[in-house]
Amino acid sequence: MEGHKSGMEAVAVAIPPLHTGESNHRIDSNVSSQCHADPAELSDETQQQSLWHLGLRKIIPSSVPLLKKVSAEFFGTFILIFTVLSTIIMDEQHKSIETLLGIATSAGLAVTVLVLSLIHISGCHLNPAISIAMAVFGHLPSAHLLPYISSQILGAVAASFAVKGLYHPVNPGIVTVPNVGTVEAFFVEFIITFFLLFIITALATDPNAVKELIAVAVGATVMMNILVAGPSTGASMNPARTIGAAIATGRYTQIWVYLVATPLGAIAGTGAYVAIKL
């Protein structure tokens, strides 16, 4: 029962934040000059860059102070984890009223609204695995990685203790614990995190992607992954989600699986799309 309930878990998102305000001015200048130029005079490469910049203007944060970015990551992670854990607890307390589909929907909707709300501030990672992958491929300054991860973990821990205080005693089902063998659990978490980052990277970096649908696509991917992997591993995809619930309940069963498999899956998913991108 515990393994099944923990299967309705959380996730995260991410769009690479812009590094400097100067870069924003360059983008605006380039887009402005190219928009007034005769399309026939633009090379294919220039048109491609123009399309890319026009798409990015709506989703890449401008130069935002690091304090505001990490604050957005803290509050966003808190909202996400609080929503997911509360939904799981309601399902347990009311005889599976939510069901796996309901919990997956709750997590997917939470991710969707948070991406729409925070993407322009921090990129809305809410997940150390995403931040690590973004840093590895140069989309997040290395100096920002530790502050991002710290704020995400603190947000998840705070949300887990808030849930524990409100619904005490908390059922251990909120903890992500494998309901399959260790090797199987490792690869399940690796694969679903791979899926998540493959989609995020495609939408965030491909000029041909429909950028207005990023929030919906990422939320739908989270929902899909929970439906696929929830009953077997808890479908964490997010080290912060796993750490927060583990600390709040004092249960650390096979926690290393989630701390190792998810970052590796995130890096692999991002790398896979980078390799095939046109």
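Glycine too: its Cβ is placed from the backbone N, Cα and C atoms.
Taken from Swiss-Prot as is:
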type	residues	note
TRANSMEM	70-90	transmembrane segment
TRANSMEM	99-119	transmembrane segment
TRANSMEM	141-163	transmembrane segment
TRANSMEM	185-205	transmembrane segment
TRANSMEM	213-233	transmembrane segment
TRANSMEM	255-275	transmembrane segment
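At the 8 Å Cβ threshold, with sequence separation of at least 6, the transmembrane segment (213-233) comes into contact with the transmembrane segment (99-119) through 3 or more pairs. Ranked by the number of CB pairs under 8 Å to the transmembrane segment (185-205), the listed stretches 70-90, 141-163, 255-275 are led by 255-275.
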